[in-house]
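Quick notes on the structure that follows.
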Amino acid sequence: MFYDEAKIFVKAGNGGNGAVSFHREKYIPRGGPDGGDGGRGGNVYLRVDPSLNTLLPFSYQRQFRAEDGQPGQGNNKNGRDGADLYIDVPPGTVVYDEATGAVLGDLLEPGEVLLVARGGFGGRGNQHFATPSRQAPRFAEKGEPGEERWLRLELKLLADVGLVGLPNAGKSTLLAAVSAARPKIADYPFTTLEPMLGVVSVPGREGGTFVLADLPGLIAGASRGAGLGHEFLRHVERTRLLIHVLDGSGGLEGRDPLEDFHTINAELAAYSASLAGKPQIVAVNKMDLPEAQANWPRIARALDELGYTAYPISAATGQGVGELIRATWERLQQLPRPERVAPPLRSHRVYTLDRSQERWEAIRLSPHHFALRGPKIERLTLMTDFSNPEAAERYQRLLARWGISRRLLALGIQPGDIVHVAGRELVWEPELAEAEQTRPRRRLTKRERLLKRAGLLEEPEEEIGEQ
């Protein structure tokens, strides 16, 4: 069975915890803190594997987790970083965030990679928190949790030309006649149940080839879910050109080929405006039958008035097929390459200072419940070991230094109220916050006063984790 959609869960590795350790060596009393940092958690990437052409492997495995970073150790030993996880996908895979619907990437080229979950930073060891007034810190940072999310993968086959038409119009027979593909062919509708690709060699054109996609036949109402073809119309979106195959004989039902032509185009337009605007070449098939030969003059005249070029062919006997393929190749040379669903992925990173990461927001949810939001405060919360009194004291000291405590007090927070942040519930204890606000500050030096007057001096802050 052909799988062109999948949902998977990806979880990046957690950062390793920082170590609490003190240097112990003969003849070196009071060696000081030497706890190492935790390792970074492994990232999760999607990678294009040209040997794949379906999302079938994701029907067996849906959850993927990268390796966690290792914890730090004493003697300033840092933990090992977690190994990155690479998940192979076929070319033409579009990646969506399942929660938001946002397009994360469009993977086309072999070897192309897309970062879909970032590993957590490792926590810093206690060596980083030593100060003149706190020479023996007995706390360290916890590792940051890795990102996790559900992804929706959608495969859009990479073909230059797509075959569209009603069921039993002869699309599969045409594909088999011009390529090495061997689709199932039978004299009943919906013989083709899944897309099939074939590489077409152009007669008389040295090295001239293009990829042709055969899709299940469309019927009236396909854009609303009728029939089978609507499930695979996404594969036509990447094509540059459509070959619209008509049954020139009208089939056993005696249909009007021109009505069939308008029916299919109406379904393409209802599904997507981009499909309706794709250039088309019309192939009037089954010209080996007397009914098709009788209908041909009327069909050719009507299509010419509509601005379409029609080619009489018989996929079964090969009549006119070579001329159709050469015309298709020449038309392709005039058409641009299709655009990506998402911008191309960069081979390098550009780092810029993002002040939005430092912003925070305090909200009163109810008389005794408050919430804090913002990347920096949430990250601090996740990396703080609240079971350690010194770590909890540092957390509250930073809240006061950043002005968060002052804002919560202005909102009317009282001792014992609950503060919700990063999925945790913290009980408000204002003693440390008030002490921090009233703690005397050292006098600025002359140089610092000049810098402050010029707006170039910022208040010192403790950094959270590795940058």
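Cβ coordinates are placed from backbone N, Cα and C, and glycine is handled just like the others.
So that you can see what the record holds, here are the features copied from Swiss-Prot:
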type    : residues                                    : note
DOMAIN  : 1-158                                       : domain 'Obg'
DOMAIN  : 159-333                                     : domain 'OBG-type G'
BINDING : 165-172, 190-194, 214-217, 285-288, 314-316 : GTP binding site
BINDING : Ser172, Thr192                              : Mg(2+) binding site
DOMAIN  : 352-430                                     : domain 'OCT'
- Note on the structure: Judged by other C-beta atoms within 10 Å of its C-beta, the most isolated of the binding-site residues Lys171, Ser172 is Ser172
- Counting every protein chain present, what is the number of Cβ atoms, excluding its own, within 10 Å of the Cβ of Ser314 (GTP binding site)? 21
- Item | Ser314 (GTP binding site) - helix vs strand vs coil (DSSP) | strand
- With DSSP helix as H/G/I and strand as E/B, how many residues of the domain 'OCT' (352-430) fall in helix, strand and coil? 32 helix, 19 strand, 28 coil
- Query: Expressed to the nearest Å, what is the distance separating Gly165 (GTP binding site) and Ser172 (Mg(2+) binding site) at their Cα atoms?
  - Reply: 11
- Which listed residue (Gly165, Asn168) has most other Cβ within 10 Å, given these are binding-site residues: Gly165
